[in-house]
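Participant: Structure incoming, see below.
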Amino acid sequence: LTCKTCPFNTCANSETCPAGKNICYQKKWEEHRGERIERRCVANCPKLGSNDKSLLCCRRDDCN
């Protein structure tokens, strides 16, 4: 599985997920500097936090 890894809306960077991390993840939230994005490989889909705008977990290459 490969997942996107950059903190931008348009993301060309991907990484091959290590063993045990078979979910691609993307979280968006607002800060005083504007919208922030986190993308990576995870073992479990995290819960949506109170400050999060959106949360995406998926199991296809580069789906985040």
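Even glycines carry a Cβ here, placed using N, Cα and C.
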Participant: Candidates are C6, C24, C41. Which one does Swiss-Prot pair with C17 through a disulfide bond?
Facilitator: C41
Participant: For C63 (disulfide bond), just give me the three-state DSSP call.
Facilitator: coil
Participant: Can you name the disulfide-bonded residues among C3, C24, C41, C57 whose CA is within 10 A of the CA of C63 (disulfide bond)?
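Facilitator: Neighbours among disulfide-bonded residues, in sequence order: C3, C24, C57.
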Participant: List which of the disulfide-bonded residues C3, C6, C11, C24 have their Cα within 10 Å of the Cα of C41 (disulfide bond), in sequence order.
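Facilitator: Matched disulfide-bonded residues: C3, C24, sequence order.
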Participant: Which disulfide-bonded residues (C3, C6, C11, C24, C45, C58) fall within 10 Å of C17 (disulfide bond) by Cα distance?
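Facilitator: The disulfide-bonded residues close to C17 (disulfide bond) (Cα within 10 Å), listed in sequence order, are C3, C24.
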Participant: Sorted by position, what residues of the same chain at least six away from C58 (disulfide bond) have a C-beta under 8 A from it?
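Facilitator: Long-range Cβ contacts: I23, C24, N64.
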